[in-house]
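Working notes for the structure below.
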Amino acid sequence: MEMGNVTTVQEFTLEGFPAIQHLGKVLFLVHLLAYLASIAGNAVIVTITCADSRLHTPMYFFLSTFSFFECCFTSAVIPKLLVILLLGKQTISFPACFIQAFVFVFLGAAGFLLIAVMSLDRYVAICKPLHYLTIMNPKTCFLLVTACFALAFPLITGLVVKVSQLPFCGPHVIPHFFCDLGPLIHLSCSDTRSVEMLAFVLALFVLLTSLIITSIAYSNIVVTIKRLPSAKEQQKAFSTCSSHLIVLSLIYGSCVFIYVKPKQMNRLDSNREAALVNTVVTPLLNPVIYTLRNKQVHQALRET
C-alpha cells in the first residue's frame, strides 16, 4: 500500500453497533444497568471479603482480587460505550485509544493468569486438604497474584507500544465499540504481518497457559471427587467448582474466538458481539454465581 498519505493521527472513530444504532437509548439503558449491577456485585464481594474475618481465606482472597479485576476491566470499556450509545460521540483521541487498549488487554491477560491460580487453589483445597493452609499461605497467595501482574505487564506493554508505532493512513474508523488491538492493527497502512503474528503468539501463550493449568487442575479435582465415599460429599464438592466452570467456559470460549487466530479481518464484525460476553456478561455473572451458591457469603452479607 502507498505510504505517501501517512499523517499523524489525532483521533479514531469507534463504529459501535451501526446496524442497531437507532436503538441507542434502549441499548444505553440495558448496558448501564448491566454495568452498574456488575460493579455493585463485584464491589460487594471485595467489601465483604475485607470486612468479614471468616472470609480471610485463600479462595476468597483470589475471588476478591478477581472481582477487583472485573471492576477495572469493565470500567475500561463500558463507560465509553455508554457515551457512544447516549450522545453519539464516537471519537476517541490517539493517546486515550491506546491507553484503553493497554488497560483492557493487560487486565485481560492478568485475569486469565489469575484464573489459572484460582484453579490451582481449588485443586489444592480439594485434592490436598490437609496441606491446604500450609501450601496456600498468605505469602504464597500474594506472590501468585503479583506474578500474574508481573508476567502480563511486559508482554502486553511491548505489544501495545509496537502497535502504537504503526503508521495509520486512514480511514480511522475502528469497527468496534472500544479500542482493541486487532482492529487497530488492521487500520495500519504498513505490512502488519509481524505484529499480527506477535499478537497471535502472545494471545495463544496466555490463553493456552491458563487453559492447560485449569484443565489439569479440574481433571484432578473430578478424579478426587469421584473417589469420595458419600454422594452428599460429592455433590457438595461439585457445587463448589461448578460455578467457577460456568464462568470459565464463557470466558475461554469468547476469547479463543476473538484472539486465537492469525487473521482477524473476516471476523471483525462478529468480534464485537463476542466481546460483549467478556465485557458485560461474565463480569455480571461472576458475583451472581459466587454469591448465590455460597452459604458463607450469604451469612457474611447478612451480618455486614
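Using N, Cα and C of the backbone, Cβ positions are placed for all residues, glycine too.
Caution: TrEMBL annotation is automatic and unverified by curators.
Note that the coordinates shown come from a computational prediction; the quantities given were computed from them, not determined experimentally.
Here TrEMBL flags 26-48, 60-86, 98-120, 141-161, 197-225, 237-260, 275-292 as transmembrane segment. The annotation domain 'G-protein coupled receptors family 1 profile' is assigned in TrEMBL to 41-290.
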Intrachain neighbours beyond the transmembrane segment (141-161), with Cβ under 8 angstroms and 6 or more residues off its ends: 58, 61-62, 65, 98, 101-102, 105-106, 109-110, 113-114, 117, 120, 181, 195, 198-199, 202, 205-206
Contact yes or no, the transmembrane segment (26-48) and the transmembrane segment (197-225), 3+ Cβ pairs under 8 Å, gap 6+: no
Positions whose Cβ lies under 8 angstroms from the transmembrane segment (275-292), at least six residues beyond its ends: 31, 34-35, 37-38, 41-42, 44-45, 63, 66-67, 70-71, 73-74, 77-78, 108, 176-178, 180, 243, 246-247, 250-251, 253-255, 258, 298, 301
Tertiary contacts of the transmembrane segment (197-225), as residues 6+ beyond its ends and Cβ separation under 8 Å: 109, 112-113, 115-116, 119-120, 122-123, 126-127, 152, 155-156, 159, 162-163, 181-182, 185, 234, 237-238, 241, 245, 248, 252, 255-256, 259-262
Rounded mean pLDDT for the residues that make up the domain 'G-protein coupled receptors family 1 profile' (41-290): 86
